[in-house]
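As written in TrEMBL, here are the features:
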DOMAIN    2-142  domain 'EamA'
DOMAIN    151-284  domain 'EamA'
TRANSMEM  27-46  transmembrane segment
TRANSMEM  67-88  transmembrane segment
TRANSMEM  100-119  transmembrane segment
TRANSMEM  126-146  transmembrane segment
TRANSMEM  181-202  transmembrane segment
TRANSMEM  208-231  transmembrane segment
TRANSMEM  243-263  transmembrane segment
TRANSMEM  269-287  transmembrane segment
Amino acid sequence: MLLFAGAIWGMGFVAQSTAMDSLGPFGFIAARFAVATVGLLPFAWLELRKARRLRESGKALPDHGTLMPEWGGYALAGLAFFTGMATQQVGLVTTTVGNSGFLTGLYVVFTPFIVLLLFREKPRAIVFPASALALFGIFLLSGGLGGSLNSGDWWTILSASFWGLQVALTGRLSERTGLPVTLTTVQMVVACLLALPLALVFETVSTASLLVALPEIIYTGLFAGGLAFSLQARGQRYVKPGPAAILLSSEAVFAAIFGAIILGERLASIALVGCGLILAAILLAQWPQKRPKS
């Protein structure tokens, strides 16, 4: 489920980028997650109804979770979700799909430290060399000593930290409450409600621009939005945040592939090496640890 979500998101980077030709970042986010909310609401209602029946009948099993929504926690995850999405979308105005995909993948390195701060779970020692490798990869992605990261790249790096927070919160809340679709729906609603006023104040949104970007809105709303994030929440019921992050980070590879095929984007040789190092850092951060001998 998590790998499939990564593939859907990889294609979503292309749609997010092309949508910027007619819509501003916040207008696109508001439209995208309005569509996602409409698509998810019936399934969230069915999930809550089923959870209520299980609680009242006493047939709920321990691995079902509490089956009680934690609205405050869901809203907090939604805030992290919106902030990550907004900074990523702003970054896509000036960076490439490939760069955005690989730099967003840095949340794999950030997630263990966020889990440490929030839940007091210590990161494994391997995370530290992985972080250093990722930073060197970013350096090469920028062109080495002869280049620099543009503003879109920096916005995307910032978004990766918020995605790390979103992954950490989603994993904990999904595992504890056992209501992945409801959790996803709340995140979509929060993102839409926060983006809408910002779009109306700071951007020009018209019916014509919405119609031009309609294919991107539908794909990113229903598939890269509702479906993929529901797969994430459901998958994270059974996979810890660290291993989940590595599976989800496959979006970086898919983003580069789809960016090259659909948009004709090409990276310089040194940038390709940088992307490879970032991907290696992502894999290294999740290297399986040896089990102690009994």
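Every residue gets a Cβ built from N, Cα and C, even glycine.
Caution: TrEMBL annotation is automatic and unverified by curators.
Counting same-chain residues at least six beyond the ends of the transmembrane segment (100-119), those with a Cβ under 8 angstroms from any Cβ of the stretch are 10, 13, 17, 88, 91-92, 127, 130-131, 134, 137-138, 141, 152-153, 156-157, 159-161, 163-165, 167-169, 172, 241-242, 245-246, 249, 251-256, 259, 274-275, 278-279, 281-282, 285-286. Confidence annotation: the domain 'EamA' (151-284) carries a mean pLDDT of 85 in the model.
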